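Peer 1: After the structure tokens below, expect a handful of questions from me.
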Amino acid sequence: MRLLITGTDTGVGKTFITYNLAKELKERGYKVGCLKPVETYVREVPEDGSLLSKATGQSVNEIVPVRFSLPLAPYAATLEEGRDFALEELGKHYEELSKKYKFLLVEGAGGIAVPIKKNYTYANLARDWKLKVLIVGRAGLGTINHTFLTWYYAKATGLEVIGIILNGFTGEDVSERTNPQIIEEMTGIKPYKVPRIQDVELPKDIRTGLADYVLSRFTP
């Protein structure tokens with residue numbers, strides 16, 4: 001399984017979902033690895049990469065091969081920081097991990113149209129690396145438009161979206177009651193609902209359901 005976990009926006013919980021999915025798969029005995037090709041806003045140690053390493057046991061260096069200090073899209077970070085990286089080297093690293101792990105979860109930065117390099121987005125990367133797509137979006141007001149546009153763009157660029165995760169259900173936002181139904185009607189994909197929690201680790205039943213949801217929708 002080779003999967004791009006992308007978001008409808010920044011801060012929607014991609015790393016949180018990737019961590020819990022990876023942890024559950026590993027606990028089931030699968031050989032699972034994570035890859036965050038580029039992490040920005042890194043001060044000393046990559047925060048997202050460090051969390052993912054706790055789920056899989058990988059080194060942070062293996063998970064995050066490219067890092068920038070500014071909180072920007074990868075391409076913007078290359079412009080602001082005056083340094084670059086080679087897509088070819090990223091591709092080689094991906095191929096190495098693909099051979100090493102049965103399940104490889106690739107976490108994007110921001111959304112699927114975020115540029116990694118000039119004229120090269122995460123949608124391009126998913127196409128070139130032959131990744132299927134899992135979308136993570138917010139549970140509340142505004143998520144219908146954001147989720148539909150992400151799904152539509154992915155489909156328009158020839159990608160296969162296998163699932164939609166709506167993250168952060170509180171029970172307080174009235175839109176949460178109808179958002180999943182409407183998104184399913186618009187995309188044909190039944191979203192998986194994840195509650196808002198204070199901890200980084202989902203309750204076991206929710207985590208199990210998350211992994212079952214993804215595995216049931218994935219056809220090699």
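Backbone N, Cα and C define each Cβ position, glycine as well.
What Swiss-Prot shows for this protein is this:
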{"type": "BINDING", "residues": "GLY11, VAL12, GLY13, LYS14, THR15, PHE16, ASP48, GLU107, GLY108, ALA109, GLY110", "note": "ATP binding site"}
{"type": "BINDING", "residues": "THR15, ASP48, GLU107", "note": "Mg(2+) binding site"}
{"type": "ACT_SITE", "residues": "LYS36", "note": "active site"}
{"type": "BINDING", "residues": "THR40", "note": "substrate binding site"}
Peer 1: Given the recorded positions LYS36, THR40, GLU107, which one's Cα is the least distant from that of THR15 (ATP binding site)?
Peer 2: GLU107
Peer 1: Distance between THR40 (substrate binding site) and GLY11 (ATP binding site) at the Cα atoms, whole Å?
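Peer 2: With distance taken Cα to Cα, GLY11 (ATP binding site) is 13 Å from THR40 (substrate binding site).
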Peer 1: Using the alpha carbons only, what distance in Å do you get between GLY110 (ATP binding site) and LYS36 (active site) once rounded?
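Peer 2: Cα of GLY110 (ATP binding site) to Cα of LYS36 (active site) measures 12 Å after rounding.
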Peer 1: ASP48 (ATP binding site) to LYS36 (active site): how many Å between their Cα atoms?
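Peer 2: Here the two Cα atoms lie 8 Å apart.
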Peer 1: Would you pick out, from the binding-site residues GLY13, GLY108, the residue whose Cβ has the largest number of other Cβ atoms within 10 Å?
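Peer 2: Ranked by Cβ atoms within 10 Å, first place goes to GLY108.
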Peer 1: May I ask you to report the DSSP-based helix, strand or coil state of GLY108 (ATP binding site)?
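Peer 2: Strand, per DSSP.
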Peer 1: Would you count the other C-beta atoms found within 10 angstroms of the C-beta of the residue listed as 'substrate binding site' for me?
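Peer 2: A count of 23.
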Peer 1: What are the other residues, in sequence order, whose C-beta lies within 8 angstroms of the center of the C-beta atoms of GLY11, VAL12, GLY13, LYS14, THR15, PHE16, ASP48, GLU107, GLY108, ALA109, GLY110 at the ATP site?
Peer 2: ILE5, GLY7, THR10, ILE17, THR18, VAL136
Peer 1: Around the Cβ of ASP48 (ATP binding site), how many other Cβ atoms lie within 10 Å? Please give the count over every shown protein chain.
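Peer 2: So the number of other Cβ atoms within 10 Å of ASP48 (ATP binding site) is 23.
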Peer 1: What's the CA-CA gap between LYS36 (active site) and GLU107 (Mg(2+) binding site) in angstrom, rounded?
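Peer 2: Between the alpha carbons of LYS36 (active site) and GLU107 (Mg(2+) binding site) there are 5 Å.
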Peer 1: Note the Cβ centroid of THR15, ASP48, GLU107, the recorded Mg(2+) site, then list each other residue of that chain whose Cβ lies within 8 Å of it, in sequence.
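Peer 2: Other same-chain residues with Cβ inside the cutoff are ILE5, LYS14, THR18, TYR19, CYS34, LYS36, GLU39, GLY49, LEU51, LEU52.
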Peer 1: Count the Cβ atoms, other than its own, that fall within 10 Å of the Cβ of LYS36 (active site), considering every protein chain shown.
Peer 2: 25
